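What TrEMBL says about this one:
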COILED    3-56  coiled coil
COMPBIAS  90-100  compositional bias 'Acidic residues'
DOMAIN    3-82  domain 'Serine-tRNA synthetase type1 N-terminal'
REGION    77-100  region 'Disordered'
């Protein structure tokens, strides 16, 4: 898999996790309101949904970690592009010090 593909996959996983976390936070607020209003049955249904969301997030974490490791590994093989203004020298003596 290429660096571009891995980065795209990493972004997709992060987006999915963030969306799930936003949904979880929304349900958590609703649960608090339902509990204050003593609507425990609806609150329990939402708690079950939050539990399922937590499981989904936990499933994505190892996948994200694996993709991130592969991406870092591949990215470390890509060399930096030299600056066009950098003078070329064969050894330390020929390299010009521009700034200290």
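Each Cβ is built from the backbone N, Cα and C atoms, and glycine gets one as well.
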Helix, strand and coil totals (DSSP H, G, I; E, B; other) for the domain 'Serine-tRNA synthetase type1 N-terminal' (3-82): 70 helix, 0 strand, 10 coil
Local confidence of the domain 'Serine-tRNA synthetase type1 N-terminal' (3-82) - pLDDT mean: 91
